[in-house]
Structures are given as structure tokens and as C-alpha cells.
Amino acid sequence: MKSDLNDPDFEIGFCGDPFWDNFQPLYNRTSGLPILTECFQHTVLIAIPCFFFWLLLPILFTQLKLSRQEPLPWTTIQSMKWLVLTLLIIDRAFVLVLSIFNKFWLKNPVPTVNLVYPIVQTATFAMLSFMKNECRRRGIRSSGVLFCTWLLFAFFGAPEFYTWIVIGSSKELVAETDFFKYLSYLVYYPLVLIQLFLMCFADPLTLFKDDQNKKDPYATASFLNRQFFWWFSPMVSLGFKRPLMIDDVYDVDEELKPDYLQKIWKEEWDVEMKRFRQEMATYVSHEKLDADIEERNKTDEKTLLLQSTSKSYGGTRNGEMKEIKEKAKKDPNSPKQPSIVWCLWRLFKWELIAATALKLISDLMQFLNPLLLNLLITFTEDQSAPWYEGLVYAFGLGLSNLVRSQLMNQYFTEMFRVGQQFQAVLTTAVYEKTLCLSNTARREKTVGEIVNLMAIDVERFKSIAPQLQQYWSSPMTIILCLLFLTQTVGWAALMGVIIMALVIPVNFWVSFKCREWQVEQLRLKDQRIKMTNEVLNGIKVVKLYAWEPAMEKAIDKIREKEMKLVQRASTLQNTCDIFNVSQPFFVAAATFATYTLTDPSHILTPQIAFVSLTLFNSLRGPLMMAADLISQTVQAIVSNKRLKDFLIAEELNETSVDRQLNSEFYEKSLQAQQITWTWDRSLQPALRDIDIEVPSGKLIAVVGTVGAGKSSLLSGVLGEMEKLRGYVGVRGTVAYVSQQPWIQNLTLRDNILMGKDFNKLIYDMVVEACALKPDLELLPAGDSTEIGEKGINLSGGQKARVALARAVYQDRDIILLDDPLSAVDAHVAKHIFDQVIGPNGVLKSKTRVLVTHGLSFLKEADIIAIVKDNTIAYVDTYANLMENPETERYLQEAEIEKKEEEESEIEESSDEESQEKKDSSDAESEIEKKSTFSKASTKLSKKSRRSSAKRSQAPIRTLPQEADSKLIVTEKAETGRVKPQVYMNYFKAMGLITHMLPLFIFIFLWMGFSASRSLWLSAWSDSNLVPGQDPLSLGARLGIFTALGFLEIFSLFVSFYCLLMGGIKASLQLHTPLLHNVLRSPLSFFDVTPLGRILNRLGKDIEVIDLRLPGTFRFVVISAVNVIQVVILITIALPLFMIVAIPVFVIYFLLLRYIITCSRQLQRLASITRSPIYSHFGESIQGASTIRAFGWTDNFIEMSKQKLEVYIRCSYFTMIAQRWFSVRLELLGNVIILGAALLAIVAKNWGLTTAGMSGLAVSYSLNVTFMMSMFVRYIGDLESNVVSVERVKEYTENQSEANWEGEKELPRIWPDKGDIQFKKVRARYRPGLDLVLRDLSAHISPGEKVGIVGRTGAGKSSMALVLFRIVEPCGGVIQLDGIDIQSLGLHDLRKNITIIPQDPVLFSGTLRFNLDPTEDHSDAELWAALEHAHLKNFIEMLPSRLDHQIDEGGENISVGQRQLVCLTRALLRKSKVLVLDEATAAVDVHTDALIQSTIRREFAAATILTIAHRLNTIMDYDKIMVMKSGEVAEMGSPQQLLQNKESVFYNMAQSAGLV
């Protein structure tokens, strides 16, 4: 190429003058700056911007094609840009015409280049005009390609403009110059500058007004604005002035919104799943698998599919798929599972490719540093070199690093954005999958495990996104470094290659080993979160039984195992990190030793030493990142597998139930023929051979004993169970009331409406019919009162009635009711049945399937189904079943109760009837117009109307939500900087003396040894400038250099080890008190705090403290120490550097102070907005069956996306805040580089330094930008992560309940009598709320059996809670055997009295653990208690018996059996005081009788307090206590109270048909 450039024909024929002057782009002149040759100006300087534009033109075309924006209007700025472009085209055309005129008309010699370059420029400007118009038409307001093109035209046009200015300033030269050519360029270059200035501004969206979008300023920002993040400055300013609120945070663009991302993900994932299912179907047809299936089918004839041409008989594929997947896991020929990574690549490939281009250019540009440094050091050694040459090298270093830092910032922005998209996509996918999991898959995944998928595994995809390019970037950088080293030191660089090659297999081994431990650690984490979640869900029972220490011990045991694995993996990883970080030294030592020892002529000069040092430092970055990358990759691989297994898990088969939403053309609402259902293929069928038809508009009652399969029948109809065979059809829309009502953390009204439009008349009617109106009067804000998670501030009866009201208000064709009446009092149950469910209720025209234990309602049912031994034994009318001796015993009680009820209805007032009829006529006529179920409401029985006439006159209390009625407290967001105390808390948890002090000592020793090694290298290289003048031998130089390096490594190793062990200690020290204090928090804390918020602390925040905070702190310390080291070394080498350093660092700290408040607050907002995602997620998992039954799946997915979008806004702009600071910080870093280079030139001219010291200063200044950006990145991460410590400490320091153990010493056996006295006891659930007990006074003698009755809200359960001090009394005294219970420790009290609560709470684990978590009882005692509780036979049939695994929440046994387990717990204690809190509400009458007889026998000498709905169970008690408004309204024996016909108890007994 050199010969071509110097060819005479080329010079004269094409350019007319030399292309280079002696092959140098610079040539000396007597004064001023050098002038480039005209040939160079018109070829290279013209070609670069033109070539750049044409090269990137396809990218711009692609951008235009993908744009979905509206066209932009013609505006003033658009017109100005077009005018300038037109003038430029005219100017270049004029230059072309001028050259043609001179050559062909005047016959003057004109170089060819003067004809070519105007043509190229004119064509480029014409295409620029066309593309500018296309950008306007496609709505692109500011193009990066166009802006960069004009920037290059301005930059590369400056030398020629300078040339013309020089010519114009000389009269002699002007006279020799073509005036028109001179004039044309003086017009051309200002026009280019004007166009560049105009391109700095984005084109407006509107013509007449400012279109600045305050909620999304990024959309209106220009390309230059986006590069420097000026559009984000208003938020930084606002955050500096005051704490940011969520409403202050900008909106994200469409491509970051979950709604958009979900759609594109679904398209890609569905393709993968379709392919997988097709391949799996082919795999199933394989002969070997066919044989297995046939063999299985032969052994179980009942599972053969029934064939039918008219109806969709057939089993689901889900169970078969489970068996197939188990075989497929072991078969290498099995179908390839869908790939999450591949789908993400297809979705975001263009973003990743763009980031790859940015990273590639940036990585290549870093190798300009050693080249320019080499030239600069050579310049400092050459005393005759012109000063401007040094300036070129200095500004070249500054400019190249400026461009590189801008590219890196855009790269990180793009990759962080992709990470945010990963998180949004996968979070939505996990949520969506959760709502369609089959029961089999759901049983394999606990709530805690599923929440962990979203909280931890998805987060890891987000975290690794910015590191993805390191997989190719790090190896490429290492290879290029070694190639440049080879050019510098020759083959001595091979020693470095060998050392690095030896480390590679070690890294791989470490990564695989850490992955193995990571899998186990995540399994333990899931187990811990699952256990914690269950304990928090059952916290009321845990406190009632004083089981907190036992549960804490169980969780801590898992935690210790988890932390041992973390310690093992971290130790191995840290050791590997030391080798990775130390590799540059090993490579340098080996390279220098080989270079200097192999040949005496090889002298270590400053050029060789510091160019090599720069290259070694370039190795440090990728090697340090490699350590982190390996760790993150291991975690991401594990998370990828867990997410993939979850996303391909079995789903509910929507075709298992034949659903027809329009019921008009069907006489039967429900049809089931030869149905066999199971919860899991591996288990026995839960229901078999079910045949039943339910006519439209009829009421069918389903009865049976505990565990017979009544609830399973409803689940099967809903499609929740796995169908083995048969046909089931549902005709119409469905509403479902589960046995354990699902209540959301919303207002009571919202729990009923569930998004349906509010109709006051219908709403009031539903509330009245469901007996909720009196409850609304008691609630602080009526139906606007916020309800806690799972309805924690509602009683069981209230929850049941809210769920029923929801089902009624939704106006569905089919209503499935799973025993809603068992949770309410007898008279309330009668009211609800008469006004809602019964033949005259508001649901009269609907099809109702009622599972019930209330046999008194059976006579009103059109059809009765008796479930026995997992099948429907009888289906008939009440009259026919009464004639069957086998079914008569189920119905005799109903006959008696019904007869008595009818007798009690005779006493009615005709006056009330006529008045009620008048009052209700107007409302009914309005309801008829607006409600599809108005016909039922207008035909309410006269009896039902009369009973509610007075109550209906008062309006429903619907107050606006008030501050004091809000239950769930808004999560606290700390403002301002993270307090130093938070850091101190973490350091104290680590151990100030044992770990923190040694850490900092050895970190600073490491810095000292590292700096000493660099200074030694500088002195070594300077001593070789004059051969033979070095006073020390080569061996001494090399030996000291190596010794300092090894001391450096040792110091770093000790500091890393101190940090590791301190981090492990801190994790344990922070988790243990957090868990302990949460368990010690009063129950009121759980009323106002969502469990998702607590789990966020115990899950996500603890995970940050375990794994991320120690690593982040390590990088912060290393980068901070490195920056200090660099400043010290540069100052030693160039003392004048302090002139630059002081203002730069002052500006740096001012900027840090300015941005940190905004960044910190955004991070806190991100933490706060993350909790509602998990809370909503947890609620959705708990209510998945209800959500699916009502068809609300899409609504809940939309709600999840809305909550996720709020979090993404806060999280994304937290990253933008870091980028905003990083851009400005790296500008300061580039000032340091430029300052060091310029000072090296000045010091050289003044003789203030040596070449070695100049090389040392400049080479280390090149690290400043990397280290400062690294410091900013990790200081931001540290600020973000240390917030977890702040949040954990917040809950560690919450107010706790009284001490568990009291100072007062109790008798060995206490209580020994059971004497209870309430003396003017007052209590409220929380400060500021109304009293729930008002001067309650009562005396219960030893051994008395007292039944406590009263309607909901009377204070029955509150009395029990006060007795157990779950709610502390705010007045009065409670004495138990003469001892004031408030003088005792909580566990002293709770361990010595017993309660069987209303909600039967079980934990996942063995049955033995559920019965006796404290391990106080022998197996013999357990079996004896099970026998008394009538559970022995059931347990003996289980394969593992006492070690039988109970699923989360006890879902694998019936609710009735769970209640019997609670009875067994009580029998094991046999205390002198027993409280039954509606304990038999969920069991059938027969089982209730068995429980009552057991209690009477086993607790014959005990004092028993029974809160009862079924009055017949307490009629033989010694006393009845009637509660009303928190007071004892009546108390006496049942006989005494019944004698007074005016008494409240008499009216209740009459309503229940007992008198």
C-alpha cells in the first residue's frame, strides 16, 4: 500500500500533491500547528464521514422500517435543517462545477480528487436529505446515525478549515489561491457546524406548542441528550430537593411495559411448547414406552378411556405426561425441552446485537491506550520532538477514552434495560403459569418455592444480563492483550499464556462444584422460605400453642445447613477469585523474568515496562469480571433449570370439563357420567364412578361424613382434579364459595364487587340477604374498611358471608357452595339459607350445589346427594331418602329440626307484613330493571322479609376510606441517605474486631505493596535508560518485584477471607434476630402487615445479605483503594497533578452528593413496590381455584402486570440514575487522563520527571476511568443492597409482645383447678380501635362447662384471645386459679391452657411434627391421643403412619380431618382449661358428636369454654354465656335461660329449633 500511495502517477494524477509527507501525517513548519496535505484532506478526511454514513445506512433503514411512530409535522427546526442541507448541496455542486470548468473549459491541470470528492459529498448530502425526510415520515425525532455523521463532518472538516484560515491570513498565499474555492469552503464549514448544532435538538411532535412529555421525557429527548442523560436531570434535581414519591417517577416506554412484553413472550413460548408437545407425542409412540403404557393399562382396567362419539369422554394427558417425563429425563433420545434462553434471544436479539456492537468497538478502542502511551513515552524521551506532537498524543488519549466511556455507558444502559425486560417477561410468565398449574404440579411446588422463583430466580436473569457480553468480550480482550504483549516483549509473553491456560480448568472445576452446592443451597432456601411462610400463615395457632421456639428452631436448623453451603461455595469461589485477580501479576512476573533473563540485550525500558503494565492492567478487568461471571453463571444455570421445570409443569386440562357459558338451551346445568377423579395419578382415586345430573334452577344438597369427598366433588366439577375417565359438563357461568373463604387485602366492598360495576340497590340487597349489614355497623368505615390478608381482621363467619355475598353479587348461573353455613351461628345460617340459598332466596332461579353439615336444611333441597366411601351412594329427593332405612339416619335430625322451625314461624304479624310490602315495593321494581336475578329477590318469602324489615330501613353503612380505618399500613420508605448506623449495624454483625479491622488493615497493606511494586518497576525501567548504570543486579530487581507481588497477593487473600467469614457471620446474626423478633411480634402486627412484606425481608433481603452484599462491599473497597492508589502514584510521579486532582475530586463528591439522594430514594421505592408483587402473588396462589372458577384469570394477570409495571419504573430509573452519574464521573476520569498526559508533556519540557515516572503516571491514569466507574457502579449497588440491612433491622426492632418466660415462679402443676375470673376486662385489638370487650365480668368455677354464644362481633373469640393474651387487655384483671395472668410470661400461660381454634392449621412436614413439634411426647402417647380423636384407623392405613408427609396447609387431608388433628393436639396437653373456638364447624354432625363425647370424657375434670354455632352441642353444658357488644348479656344454666322467654338465649334456641 505504501508504494501505491507514493506512486508519482497517484500523486500527480489523482491528488496533485503528496498523500503523506515522509509517511507522517504531520510535517514541521516554522511556526504554528502543522498543516495536512491537500491530498490527505480530500481523501481520508472526506472519506471517513461519508463512509461512516453509507456503512450505517442499512441500520438506519432497519430502524425506519421497525418504527411504529406517527409522522412528524413540518416545523421551524425541520425547515432550518432542510435549508442548511440544501445550501450544502448547492455549495458542493458549485465546487464540482468549478473543478469541471477549470479542467475542461480553462484546460487547467485539476487533480482527479477534486472531481471525486465533491461528487461523493453531494451524493452523501442528497441521501442525508432523503433520510432526514424519511425520519420525519416515520416519526423518528432524532437519529443517532445522522447526528454522528454530522459530528464526523465537523470534526474531520476542521483541519481543512484551519488550512483555509491560515491561507486567508497571509496576503501572499491568498493571491496564489483560487478565490471561489476559498469562498466555497468558508461557506461550507460554518453550514456544517450550523447543521450539527441543529441536530443537537430533537424534532418536535407538535407544531404550535411545547410537546415535552413530563412523564416520559426520554421520548422527546435528542440523541445527544440521551447520550448524556440530560433528560433525567429534572428528576435528579427533584430528588435532591425533596424525597421522591412514586408519582414523581417517569413512565417507561412501551417496550418495557409488562403488557407488551407478555404478548411477544407468549408468541415465542407457545411456539416452543407446541414443538415440545409434538415431539413428546412422537416420543410417546415409541415401542418401549407403548409397552409400558399397555402394561399399566392391563393392570388397571378402570383407567381405560371410554369411547363416545357424542360426548368428550376421556382422561387428561397430565398424569401420563408425568410418567413420560420421568422416563424422558433418563433417556438421551428424549425430546429437547423448551429453552427459556432461546426464547429470550429471539425476543431481544436486536438489542443484544446492538449492545454487542457497542461492546466490540469499546473493547477494541481500549487498545489505543498502549499504542498512544508508547508514542507518548517515546515523545518524553526525545528532547527534539515538537511540542504539538505530544499534544496530539495527549488529546488522542483523552478523546479515545471519552468515546470509549460513552460507548460503555450506552452498552450498560442497553444491557440493564434488557435485564429489566428479562425480569418483566419471566415474572409475568411465572404468574400466568401459577394460575393454570394442575393440582399434581401444584402439590410439588409450595407457595414459598413459587415465590422464590419470582423473587430470586427471575432476579438472577436480570442480574446476569449486563454480564452476557463478557462471555466473548473477556476472552477476546485477553487474546488481544497477549498479542500486543507478544509485539512488545516477544515470545516471553507465552509464559503469560501458559499461566492463564493453567487457571482455566481450575475455573471450570470451581464453577461446576459451586453449581452443585448452589442447587442444594437453593433447595434449602426454598425449604426455609416454605417453612417460614407456613409459620407466618399459621402464626395465630403458633402463638396459641406457644410453639414459637419450636418453629424457630426448625427454621434455624435449615438456615444453618444453608449457610454452611454458602460458606463452602464462597470459600472456594474466593480462593479462585484471588488467583484470577492476581493473574496480571503472575503474568507480568513470568513475562518480565523470561524477557530479561533469556537475552542480555533485552532491557526493561519505560516503553516496554509501562506499555506492558497497561496491557496487564487491561487483563485485570476481564479477569476480575470472570470471577463474578462464573459465580453468576452458576446461579443463572440453576435458576434457568428451576424456571424451565416450572414453566413446562403440568397444567389443568381445560378440556376435562365440557363448559358451555350459555345455559339457555340446556335443561341440565351439571352432568357427570361415570366420572373418576383423582388429585394425583400416583394416589388412589378421590372419587369414583360418579353419576349425577342437576337440573337447571334446582338446589342440590351434598352431605356425607368427614373425608367422604364432598369438597372433592365440587373441585372435580370446577376442573381442579385430574379426570381418569368419564364425562362432566357444566352449562352456564359459575360462582364458587370455598370451604375456607378466600379474602383479599381490599376493602370489604371491593371483596364483594371484585371489579364488577357497583349497583347500590343490588349491593344493598345482597349485603342484607347475606346478613352482613350488622357487621358493617361494627366496622370502622363500614364496607370501606380495609380487610387484611386472608381476612385476618374478620371472623370465620364474616369471611364466609363476604365470600357468599361475592358469589351472589356476581350473578352467575351455577353457584357451588362448599359448606358456607358451618362458620356462622345457627340463626344466621337460617337467615342466609332462607334469603339466599333456599327456595325463596335471591338465588332461587339459579342452580345451587350446597355441601353442608346442617341437616336441618335438607328438606328444602330439591335433590340430596349422599357421598359415602368416595362415591355418590344415593341421589334422590328428601321424601324418597326418608323411606330408605340406610339413609334415614342422615335425615332424621333434619325432620325434627325442620318441624320445630316451622312451628316457630307461626308467630308472625300481619301488620309487619303489610308495612314491609309497602316499603320494599319501590326497591324491588328498580332491582327488576337492573338485576338478572331480580326475580328471585322479588319473591323473597314473607317470613324472610318480615325478619329483616326493620333492619332494611337503615341504609348500608358505606363510608369513604378513612385514615384510621385503613388496616394495612403503607410500607415505610426511609428518606435521605442511608444512615451510617445501617452500615455500622452490618459491620457489627460481621464483627468489628474479629473481621472488619483485619479486613481494612490487610486491604491497605495490599494497596501499599501494589504501589511499591509499581514504583519499583518505574525505578527499574529508568535505571536502564543508560545501559550499565543500574547499581542493582537483575536478580535483585526481579526478586524484589516478585516478593512485593507475593506480599500483595497474601494481603489480598487475608482481606478476602476476613470479608467472607464476616459476611457469613453477618448473615446469621441478621437472620436469627429478624426471625425471632417477627415471631415475638404481637398478632396485631400481622393484622396490619402483609405476609408478602415479611417474606420479602426473610427471602429477598436475606438473600441479598447472604450472597450479594459481601461481594458488592468487596468490590467497593477494592475500587476505592485502587482510586486512592492511582491518585497517590500519579502525584508521586507528577506533583503538579494535584492541581488537576483537587478540583476533579471536589466536583466528583459534589456530584455524588447531588445524585445519591435521588438514586437511593429510587432504590427504596423499588424495594417498596416489589412487596405488593409478592403479596398479590401469594394471594393469587391461595385463591387460584376461586379465581379460575369465576373466570377472573385474565383480570388477575392484568393486576399483576400493573403492580409489576410500577416496580419496573422505579427499578429502571434507579439504573438510569447510576448511568447519569457514571457519564459525568467518567468525564471527570477522562479529565484526569488528559491532565496526566498534558502534565507529562509539561514536566518533560521543564525537566521535572523521568520517562519511567511519566509512563507510570499516564498508565495508571488510564485505570482511573475504569476504577471510578466500577466504584460508582458498586457504590450504587452497595447503597441498594445495604437497604436490605436497613429493612431487616426495621423488623428486628419492631415492638414485641410480653416476655415468653416470666419472673414469677409457678407451682409445678398449674392451673390445678381451672378457676377463671374476668373482672371488668376491657380490650381492643389495636390502639385507636373501638373496644371489643367492655367491662367484661364473669366467674367460671373449676370444672364448669360453659358455652359462649352470640352473633358475630359480640366478642366471643375476643374473649378467648384475651384469655391467651393474644390481645392484651387495656383494663381490668383476669385471674386463673387466683393468679393474675398479666403477671406471667406468655409461654407460662399458653403452655398450661389449651385451645382448639376455629381454623385448623397444619404445617408441611410429618404428622408427628404437626402433633408434637416440641417433641415432648412419646409415640405411645401420640397413638393414644389419635385413638381418642378417632383418627387412629385413618393413620394406620397410611403407609408411613406417624411419618406421613402432610402437604402445605394440610391440603392432602380433608378439613374435617385437620380439625381432628387439632383435637389430638389438645388431648396431648390435657390441661385444666380448654377453649373450643367453633372447633367443630367444619365437621359433620356424626363426627361432631364423637368429638363432643371425647371432650366430655377426656376433659371431664377440666374447665371448658366452648364458642359454638350449633346450640345443640352446648345444651347440656353447666352454663351458657350470651355475649353482646363485648359484654355478658346473660349467663346461667341452659334451663334457667330457657325459662325466661324474653331472654336472648331463648330467642336463639327458638331460631335453631331447639325449643
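Heads up, residue numbers simply count up from 1 along the chain you see.
Cβ atoms are placed via backbone N, Cα and C, with glycine included.
Automated prediction, rather than curation, is the source of TrEMBL annotations.
Here's what TrEMBL has on this protein:
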- 40-61: transmembrane segment (TRANSMEM)
- 82-101: transmembrane segment (TRANSMEM)
- 113-131: transmembrane segment (TRANSMEM)
- 143-167: transmembrane segment (TRANSMEM)
- 187-208: transmembrane segment (TRANSMEM)
- 353-635: domain 'ABC transmembrane type-1' (DOMAIN)
- 491-510: transmembrane segment (TRANSMEM)
- 670-894: domain 'ABC transporter' (DOMAIN)
- 893-956: region 'Disordered' (REGION)
- 902-914: compositional bias 'Acidic residues' (COMPBIAS)
- 915-931: compositional bias 'Basic and acidic residues' (COMPBIAS)
- 940-949: compositional bias 'Basic residues' (COMPBIAS)
- 989-1009: transmembrane segment (TRANSMEM)
- 999-1280: domain 'ABC transmembrane type-1' (DOMAIN)
- 1038-1060: transmembrane segment (TRANSMEM)
- 1112-1130: transmembrane segment (TRANSMEM)
- 1136-1156: transmembrane segment (TRANSMEM)
- 1225-1243: transmembrane segment (TRANSMEM)
- 1316-1550: domain 'ABC transporter' (DOMAIN)
*Find the average pLDDT over the domain 'ABC transporter' (670-894) in the predicted model and report it.*
85
*asked:* Under 8 Å between C-beta atoms and at least six residues away from its ends: which parts of the chain pack against the transmembrane segment (40-61)?
replied: 15, 19-20, 25, 113-114, 117, 120-121, 124, 127-128, 131, 143, 145-146, 148-149, 152-153, 156-157, 159-160, 163
_How about long-range neighbours of the transmembrane segment (143-167): same chain, 6 or more residues beyond its ends, C-beta under 8 Å?_
32-33, 35-36, 38, 41, 44-46, 48-49, 52-53, 56-57, 59-60, 63, 128, 131-132, 135, 173-174, 177, 182, 185-186, 188-189, 192-193, 195-196, 199-200, 222-224
*Which of 82-101, 187-208, 989-1009, 1038-1060, 1112-1130 has the most Cβ pairs closer than 8 Å to the transmembrane segment (113-131)?*
82-101
*Out of 82-101, 187-208, 989-1009, 1038-1060, which stretch has the largest tally of CB pairs under 8 angstroms to the transmembrane segment (1112-1130)?*
989-1009
*Would you mind listing the long-range same-chain contacts of the transmembrane segment (1038-1060), meaning Cβ under 8 Å and 6+ residues beyond its ends?*
567, 570-571, 574-575, 577-578, 581-582, 585-586, 588-589, 592-593, 596-597, 995-996, 998-1000, 1002-1003, 1005-1006, 1009-1010, 1012-1013, 1016-1017, 1020, 1110, 1113-1114, 1117
